[in-house]
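Trainee: So TrEMBL lists the following for this protein:
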ACT_SITE  K121  active site, N6-AMP-lysine intermediate
BINDING   D36, A37, D38, Y39, D40, S85, L86, E119, R142, E179, K296, K320  NAD(+) binding site
BINDING   C414, C416, C438, C444  Zn(2+) binding site
DOMAIN    617-690  domain 'BRCT'
Amino acid sequence: MTTDFDTAKTEHERLTAEINHHRALYYNEEAPELSDADYDVLEQQLRQLEAHYPQLVTTESPTETVGAPVSAKFAPVQHGIPMLSLDNAFAPEDVVDFVGRIRRFLKIDPLETIHFAAEPKIDGVSCSILYMNGELVRAATRGDGRLGEDITENVKTIRDIPHKLAGTGHPDRIEIRGEVYFPLDAFAAMNAAAADAGAKVFANPRNAASGALRQLDAQITASRPLHFFAYAWGEVSDPDFVATQSEALQKFRDWGFSVNPRSIRVFNAEGLLEVYDSLQLDRSQLGYDIDGVVYKVDRLDYQRRLGFVSRSPRWAIAHKFPAQQALTHLQAIDIQVGRIGTLTPVARLAPVTVGGVVVSNVTLHNADEIARKDIRIGDLVRVQRAGDVIPQIVGVELSERPANAVPYNFPTICPCTLKTEVVREVNAKGEEGVARRCSGEHACPHQRVEYLKHVVSRRVLDIEGLGEKQLLKFYEDGLISEPADVFKLEARDAVSLKKLKDREGMGDLSVKNLFKAIEDRRDISLERFIAALGIKHIGDTTAKLLARAYGSEPAFRAAMTAAVKDEPGARAAIIEQDQIGPSVAEALVAYFSNDHEVGIYERFLAELRVKDAEAVATGSSVSGKTVVFTGTLEKMTRDEAKTQAERLGAKVAGSVSAKTHIVVAGPGAGSKLKKAEELGVAVMTEDEWLTMIGV
Ligand code: IVH
C-alpha cells in the first residue's frame, strides 16, 4: 500500500531532480528554461513538503544547498567561508515578521532601535575576490557555495575591481564579495549585434554576465563591459576591521570599489518597506537589473549572535520584487526586413501590461528561437520584461493551446514585392548561422528603406532636418529612392517640390534650410562614404580601416574592380590589409560584382566630393609596428594613446602575441606583461614610449 509518506518521498525526489536540472541550466549553461519566479515556486513547494515531512531533509536537498556543482572548465577554489544564499520575503508581512523575529531572538528592549542596511539585490553573478596585503590574488565564482571556480584572470579585466586596494588600513587578508553585472544598454546592444550576426542571444543580462565571466579566454571577458558592486566579505584576517555593515560599505568605497549608491541604513520595518517601494519605482531607471532588496542587520555583533539556519543567515533576507510577467495571446508573427536583409520575426500580441508598461510587439529573434520555444500563432504566451526594458516571450502555456494551432513555418520568400528567395546566412567559415536573409539586396524595398535610413542617419550623412520620419515620407512620395536622390532634391521639378512642401507642411524657410543642410554634406570623408554604402559587415570601424588602407576613393574603387575581375592577387590583397578578414573581403567583392549596387554607388559618388583619408605616417619610428598598451597609463587615456599611435602608423592590438613589437606597460600590468616577457617582446614604460615617439 502506498502511504502519504511514500507519495511525498516520490514528489520530493521529483522536485529535487527538477530543481537540480534547472540550477545546472542557470548556473553552468547560462540557458535557463524557467523564469526566476517559476523557479522560486519549485523551491517553495519543496520547502513546504519538507516542513510536513522533515525526515525528507538531507544535506543534499536543494533547500540545504546553493548554486550548482562547478564545471571542470576552471580550477576549483575552496571557499574558506561558504558563499551562502538568502532567505526570501515576498510580502510586507514577511518583512515585519523578519524584524520581529530578530528583535525577539536578540531580546531587544521595545524602546531600543535596531538598524538595518538595505541594499538593492543586484541580479548578476556573485564573486569572491581575495586580496593579500592589498593585492588582488584570486577570484572565484560561488559554485555550490563551498567549491567555486577560479576566474582570476577574467575578474582582473573588470574595470571597477581594483588590482591594488586604495587607501590604508586594509586587513592583510580579505575576501571581498559582491556581484558582477552587465549594464542594460550594453546588453541590448550586444544582443542586437549577436542577433544580426546570427550568433547566440542571451535571455537576460545575468546570463550574459555569467557567460562573459566564465570564458576560458580573458580577452573575451575584457571585451564585455562588466561591472561590479561590492557588498560583503568572506575570510578576513581581522574580523573586527569594522563594527557594522554600513561601515564595511564605506571602507569598500575608500579602497576603490563601487558600492551601490542606493544602499541605505534604516531602523525599522517601515523604513525597509519604504526603501523597497522607492527602489521598485526607480527600478527601470537604474541601468542594471535588480530583483529585490536585501535587508541586513547592521551591527556585526548582532549578526554573529543571530548566526545561520542551514544555507542562509538569520540576520538577512531578500525581499523579492513580484515577477514582471503577464499572459497574453499571440495574434500574429510578422516579418521585418533589416538593412542587410535579415528577416526578424516579431510577435504581435494582444496588448498587455507588464510591470507598468504596455507590451504589444516582441521580437522573436530568429527561426530557431521560435522552433526551440515551439511558439505558435494563437498560443497563450508568457511575456516578461527582462531588466525592465526588453520584453520577451518566456514560453507557451501548453495547456491552453488551441487544438488547431500549427507549428510556425518560417517564410521561404521575402515579404517584399520582389518575392525573392530567403537564404540561410552562412558565415566566412561556411557554417550555417541562425539568421535568414532576403537575397534581393537593395532591390528589395524593405532593405532599400532600411538602407536609406542608414544613409541619412547621424553616423553617415547626418543631415539636419532629414530624420527617419521625413525620409519615409520622401520615400513614399517617390522623391528619394536611393542615396543620390537626397542631393537631387533641390533640382526637382516644381510639382515635386510643391508635393514636398504640402506633405511636410514645410514653409519656404525650412525647405531652404533643408537644402542648405544637404549642400553642406556634399563634402564627405572617405570613411563616411564607405560606411554609407551599407555593405554587409562594414560598419564605422571597418570603413575607417578601409579608408586608411586605400587613402582615396579612386584607389579604393580600383582595388575593388581588380578583385571583381579576379586579377591575380587582387582578392588576397584585400585580406592583407590591416585587420580586414575574409568575410569583409567577400562582402566587398559581392557588392562590387552587383551591377545594381555599382549603379547606386556611381550615382551617389557623382553627387559628392569625397575627401582623401588622413595620411598615416610611414616614416615614424613606430610605423608598421604592433603595439599593446597594458596597465594604467598616467599621462593620457587609452583612447588618446591609441589614436596617437595609429596616427604615427602603428597598429594597436588588444592582446600580446608573437606578432607584437612593443608592449607599453603602466602600473598594474598583469598577464599581458607576463606574456610579453615570456615571448621576449620589447617592454617599455609610458615615458619611454613617449620619448620614442618624440612627445
Ligand atoms: S548578501 C550570506 N547583498 O543574492 C549572503 N547578496 O540570494 C550574502 N545578491 O548569492 C549575500 N545583491 O549573489 C547580498 N546586496 C546584496 C546582494 C546579494 C545581490 C545576491 C548574491 C547572493 C544572492 C542571495
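Don't overthink the numbers, they just go from 1 along the chain as shown.
Glycine residues also receive a Cβ, built from the backbone N, Cα and C atoms like all the rest.
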Trainee: Could you say which of the binding-site residues D36, D38, D40 has its Cβ with the most other Cβ atoms inside 10 Å?
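Mentor: Top count of Cβ atoms within 10 Å goes to D36.
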Trainee: Expressed to the nearest Å, what is the distance separating K296 (NAD(+) binding site) and the residue listed as 'active site, N6-AMP-lysine intermediate' at their Cα atoms?
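Mentor: Each residue's Cα considered, K296 (NAD(+) binding site) and the residue listed as 'active site, N6-AMP-lysine intermediate' end up 11 Å apart.
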Trainee: Which site among L86, C414, C416 has the most other CB atoms no more than 10 Å from its CB, taking these as binding-site residues?
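Mentor: In terms of Cβ crowding, the pick is C414.
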Trainee: Provide the three-state secondary structure of K121 (active site, N6-AMP-lysine intermediate) computed with DSSP.
Mentor: strand
Trainee: Counting by DSSP secondary structure, give me helix, strand and coil numbers for the domain 'BRCT' (617-690).
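Mentor: Secondary-structure composition of the domain 'BRCT' (617-690): 24 helix, 15 strand, 35 coil.
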Trainee: Out of D38, K121, K296, C414, which recorded positions lie by ligand 1, with a C-beta less than 6 Å from some atom of it?
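Mentor: K121, in sequence order.
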Trainee: By the DSSP assignment reduced to helix, strand and coil, which category contains R142 (NAD(+) binding site)?
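Mentor: Note: R142 (NAD(+) binding site) is coil by DSSP, not helix or strand.
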Trainee: Cα-Cα, whole number of Å: D36 (NAD(+) binding site) versus K121 (active site, N6-AMP-lysine intermediate)?
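Mentor: Pair distance, Cα basis, whole Å: 14 Å.
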Trainee: Around the C-beta of C444 (Zn(2+) binding site), how many further C-beta atoms are within 10 angstroms, looking at every protein chain?
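Mentor: Here the count is 23.
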Trainee: Would you mind reading off the Cα separation of R142 (NAD(+) binding site) from the residue listed as 'active site, N6-AMP-lysine intermediate', to the nearest angstrom?
Mentor: 16
Trainee: Provide, as an integer number of angstrom, the distance between the C-alpha atoms of C416 (Zn(2+) binding site) and K121 (active site, N6-AMP-lysine intermediate).
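Mentor: That comes out at 47 Å between the alpha carbons.
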